[in-house]
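**Student:** Before I ask anything, let me first share the structure, which is written out below as structure tokens.
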Amino acid sequence: MRGGSRGGRGGKGKSFKSGRGGKKGGGRDVRTEPWGETTRKNDLFESYYKMGGFLEEEEFEKMWEYLAMDLPNSFRFTGTKADALAVREIFKQRYIPGITSVEFEGKPVPPPEPVQAFPDELVWHMKTHKKIIRRFAPFAEFQKFLVAETTSGNISRQEVVSMIPPHFLDVKPGMVVLDMCAAPGSKSAQLAEMIHGDEEDRVKRAANNKSPNIDGEGDYSDDGRSTGLLIANDTDYKRAGMLVHQVKRLNFPNLIVTQHDAAIFPSIELPVAEGDKKQYLKYDRILADVPCSGDGTARKNVNVWQKWTPKDGLGLHNLQLRILFRGLQMLKKGGRLVYSTCSMNPIENEAVIASAIEASGGVSRVQLVDCSDHLPKLIRKPGLNTWKVLDTTQINGEEKTAHMFTSWDAFLKTKEKYEKEEPERQFSNKISPGVFPPIATSEEERIPLERCMRVYPHLQDTGGFFIAVLEKLGDIKVTQIRNSHNEAEEQKAKDATRSAIPATTEVPAEREIEVEPEAESAAPLKRKLEEDQPAPPKRVKTLTENGDAEDPISLVEEPPKEENSSSLSNRATEAQVATPTTVVAKPAKLKPEAQNNNKEYYEYLPSDDATVDGILSFFGISDRFPRDRFMVKNKQGLLLNKIYYTSELARSIISQNKDRGMRFIHCGVVMFVAHKIKAQDHVKAPWRLQNEGIRILEPWAKNRIITCKSRDTLFRLLIEMFPKLPKDGTHELNEIGDQLNAMDIGCCFMRVEQDEEAGFPFPMVLPLWRHPGSANLMVDKDDRKAILLRLFNETNPNIINHVAEQAARVKEEARLAEEESEKEKENGESADADADADADTPMTEL
Ligand SMILES: C[S@@+](CC[C@H](N)C(=O)[O-])C[C@H]1O[C@@H](n2cnc3c(N)ncnc32)[C@H](O)[C@@H]1O
């Protein structure tokens with residue numbers, strides 16, 4: 001159970017006015033109440049999804065109806081499985097019965113329900129509108145629990161669809177995982193949990209000289225500790241900060257946060273023996289949850305309705321392709337990569353997958369994995385093999401016409417026609433061959449795009465999402481960086497061969513939309529194009545930046561050795577001709593630079609460091625606990641007051657790469673903090689254990705361990721800060737006071753064993769400091785409140801801080817004394833004055 005700090009993100013759906021009249025049939029759906037004024041309607045958006053061949057007409061109608069409804073709130077129980085199940089049980093037993101009995105306007109209000117797609121009832125969603133949540137006490141109480149546990153890190157408020165991709169990565173403890181576009185970090189948190197696995201149980205077994213092998217899966221060579229690593233990366237400085245904030249609370253020593261452009265993510269060096277060839281880190285698993293237009297988030301992100309344009313997806317295709325391609329390069333052979341977006345647009349999805357597979361050398365190098373037997377309860381639709389491409393043209397920024405194209409050739413033909421007939425009409429420079437469906441020359445070469453997964457809003461009342469699982473079968477070629485000259489030459493050659501071009505299709509936007517002749521199922525649709533939306537949704541704006549300009553790194557480093565150079569395959573090659581940016585396959589060349597403010601400074605302490613040695617002896621930490629993984633984050637070393645701990649692989653990577661120009665912006669769990677007390681002489685080890693790192697160390701400790709056995713004692717220690725422990729031995733701290741009386745001043749581990757009968761549904765270990773005349777749990781007020789709520793259902797605890805109260809008393813006494821002395825002074829002064837006056841008077845008189 002984590003103490004943790006603040007984090008998490010709430011699913012804030014704005015109120016709205018449904019564009020299509022809300023859900024029909026059944027009970028009244030409170031989510032469609034017109035509590036807000038935003039109209040959820042966008043003709044061009046609708047036309048594309050209606051005419052693009054995504055769903056049968058009837059199903060499309062249902063999908064569109066759901067897309068215009070508010071999204072249910074959802075959340076996930078997090079942490080180790082045991083912790084997550086324990087908190088889930090408290091939630092089910094304490095809150096569900098009350099919520100289930102609530103009625104609104106004579107009808108039962110739907111209670112939270114587990115989302116069937118995920119195992120163990122660890123994911124829940126709630127369709128109740130926040131107005132109802134605020135109005136009814138059982139919901140309000142539950143809401144309080146939700147907030148407290150989110151703050152503590154035991155619950156993550158995350159959109160249901162966003163939880164899907166990590167499940168398909170099939171991460172095992174011990175794996176090396178890269179999350180390429182990780183901010184704000186909800187999927188990174190899931191991945192970290194998977195890498196962590198049952199680590200705590202395994203370590204406990206190892207520390208007790210039992211085999212740490214619980215389930216036969218994973219690498220147990222590090223005394224049960226997970227040997228895996230998660231590198232969570234994001235290019236955006238601010239968002240990377242959010243990511244650090246989110247993952248810090250995981251207290252996971254096997255985690256590094258970096259800030260790089262994923263499309264040119266640097267190759268990370270591994271340490272090698274002197275004289276040996278350089279080795280680069282390859283990943284067992286990669287998540288590419290790329291920046292996207294986000295049109296699948298329209299249920300919670302109402303901006304999508306106002307701002308959707310076909311250019312959003314077209315503009316992102318190339319960046320998405322570059323990120324995916326770089327990911328495939330860095331993947332181990334046999335490794336797995338999950339590509340995902342919260343967009344339903346095939347240009348950002350299947351088109352990217354097809355182009356990346358082609359660019360990698362085809363299906364013999366990278367295969368789409370059939371995941372139909374995985375998460376069988378997740379309702380999904382197969383990926384698309386055909387789709388159309390929509391874009392708009394304009395003349396002098398006006399008279400927009402929407403066009404739907406079925407092929408690159410149809411697009412070129414249309415362009416040629418207009419160049420002759422209406423040369424002033426501006427065509428998009430965003431359409432490239434790669435955005436169209438691939439054309440296979442043989443069945444063996446066909447990319448089975450149907451293995452991709454599409455999750456639509458109506459299938460299980462979620463947002464829209466796309467997931468594709470890729471496996472690397474062979475080495476991937478490195479794409480040559482193409483310059484404008486060779487692109488232009490290649491284009492000329494291609495143009496010359498394009499003689500028989502099929503008929504063009506266009507959709508005049510201000511008139512009646514014509515359906516292109518190739519499309520069988522399409523029917524004419526009347527629509528009027530709204531004013532052009534000049535600004536794409538905020539998300540798109542931020543995400544279209546590829547970060548190159550900001551990144552002080554150039555693109556010339558040699559790639560890892562195994563990869564040979566060759567050109568991109570046809571579709572991807574053509575894509576480069578038609579789009580302004582090239583697919584760049586090479587990693588960033590790092591510039592060694594002094595560690596600066598953008599990232600943290602890391603200095604590992606030598607394994608015989610005297611300070612660490614002193615601390616570890618004080619707590620009786622086994623010699624088997626590694627001594628070489630402690631670091632400080634300041635040049636002044638131990639002058640600073642925190643000592644961090646990281647996993648072995650994190651240490652190797654940080655040490656090997658920190659001076660190469662890698663932007664490491666977070667790594668390490670705080671293990672010890674210097675304890676500044678006046679009576680230093682009393683204390684043999686003036687360092688205190690930290691809530692963050694205590695669980696990593698505790699199984700290896702022999703000294704300074706006390707055990708709390710009763711709920712009363714725990715309650716007292718939580719509700720009172722610095723309860724008294726007088727020197728004469730009298731105290732009100734029950735078994736804890738007795739154990740502390742026999743202990744020197746300093747920090748200790750306070751264990752709470754799991755004991756259902758005693759009212760402890762999960763084990764805990766908390767740091768406690770024994771002072772000369774008191775004791776204090778080193779747990780902050782928020783975490784105290786969360787534990788009090790979780791274990792004691794204490795909703796509004798009044799936490800007493802004896803020291804603060806005493807300090808306030810002393811201050812008050814000092815103030816009163818000062819007042820008193822002022823008064824006395826005044827009195828004295830006036831008395832003196834009187835006396836003086838008395839004295840003077842006679843003098844004067846004299
Ligand atoms: C869909 S969001 C990722 C959400 C995240 N995976 C999660 O679950 O919390 C896409 C992220 O990609 C980042 N991004 C945009 N361009 C990038 C690039 N070139 N390299 C790395 N990250 C990028 C954005 O800053 C954004 O945080």
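Every residue, even glycine, has its Cβ placed from backbone N, Cα and C.
Curation plays no part in TrEMBL annotations; they are all automatic predictions.
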**Student:** Quick check: of Asp284, Asp289, Asp295, which does TrEMBL put in the same S-adenosyl-L-methionine site as Cys181, Ala182, Ala183, Pro184, Gly185, Ser186, Lys187, Asp234, Asp261?
**Tutor:** Asp289
**Student:** Among Cys181, Ala182, Ala183, Pro184, Gly185, Ser186, Lys187, Asp234, Asp261, Asp289, recorded S-adenosyl-L-methionine binders, what is the largest CA to CA distance in Å?
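**Tutor:** Max Cα-Cα spread across the S-adenosyl-L-methionine binders: 19 Å.
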**Student:** How many other Cβ atoms sit within 10 Å of the Cβ of Ala183 (S-adenosyl-L-methionine binding site)?
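**Tutor:** Excluding its own Cβ, the number within 10 Å is 26.
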**Student:** Would you mind reading off the Cα separation of Lys187 (S-adenosyl-L-methionine binding site) from Cys342 (active site, nucleophile), to the nearest angstrom?
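**Tutor:** Here the two Cα atoms are 13 Å apart.
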**Student:** Between the Cα atoms of Asp261 (S-adenosyl-L-methionine binding site) and Cys342 (active site, nucleophile), find the distance and write it as a whole number of Å.
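**Tutor:** Rounded to the nearest whole number, the Cα-Cα distance is 20 Å.
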